[in-house]
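Visitor: Once you've had a glance at the structure underneath, I'll fire off some questions.
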Amino acid sequence: MKISFGFTLLSALAASACALQGTIVTDSGPLRVRAEPNTNSAITGQVAHGAQIEIDCHKRGEFIQGRYSSNIWDHIPEGYVSDAWVNTNGQLAPVCGEGPAPPSSFTGTVRIDSGSLHIREGPSTSSRIVGSLPNGATVSIECMVRSEYISNGRYSSNIWDKIPQGWVSDAMIDTGGKLTRFCDGGSPTTDPPHTGGDLPGLNAKQSGYARTIAAVARRRNMGKKACYIAIATALVESNIKVYCNRAVRGSCDLPHDAIGSDHMSVGIFQQQSPMWGSAQQCMDPASSAGLFYNALARLNWQNMSIGEAAQRVQRSAYPDRYAKRANEAIRICDAAY
């Protein structure tokens, strides 16, 4: 085990026998270990590229664009490392502090850089504003849903929290990494229906995925055309559904809508795992969109048609399929963007 500053063989041996194993996969140099799941917290150590780590639990924190794209932070004996730089072969450790069942309610703290946090009538920014909360305010969270993807620079999430006054984006709420129950009675380990209004030709769940794909393009300042290309691809590859694949170890233990069997392809974009990333990354709507946009950004895609750009990313044996869904993708992105 090759571990540098802040780690000892003793601490590694002391780790729980049931801890999840992971491998550090940085582009160069060591990965910093932090006191909390964000890059603003104190550095408590570092781990070399290729080192094996033992993960006992995880929290959601700052969104990191690393080898993968993730707001998951893995807890190891010396602190937290971003899961964006860790290969766990699609596995995910338990939520830190998670009990036998999700709490029926708990409190969180509003964390915004300026102004106030809008409370919405429904779980999306298109819903009517019914109130506001200042930075530092304590909120009582009753339940949650997955809906519009929001990034505030500190956190990124498609979770919306139900509070007595209405709905607020979990991206603006510090809950210490905890998640409450879903409002439909589901568990945080399952993927509930997305809400926020249906996009053209899509149901509520597909609309939630499409909004997430559009939000990632918007956050990266890539423009609507990137969204058109991504949605056209998603329509062809999966009809905007999350597929697992029994050939990809652990993928069907992750939230999914359907089971596929195309080689090692998983997720909305049918990305080959582990070539594109771990099963966890390829099956998460935001992370898989990030992987797609990473590949798109390497091309001169601005000067390509929607179908051509999608084919250049996917390298499909059926190259004409993407152009046929372009008009549909344009309608969806225009409504979601």
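Each Cβ is built from the backbone N, Cα and C atoms, and glycine gets one as well.
TrEMBL entries are annotated by machine, without manual review.
Residues or ranges marked as domain 'SH3b' in TrEMBL: 20-85, 105-176. Marked as signal peptide by TrEMBL: 1-19.
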Visitor: Mean pLDDT, the domain 'SH3b' (105-176)?
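Guide: When the pLDDT values over the domain 'SH3b' (105-176) are averaged, the result is 82.
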Visitor: Could you give the number of helix, strand and coil residues in the domain 'SH3b' (105-176) as assigned by DSSP?
Guide: 3 helix, 43 strand, 26 coil
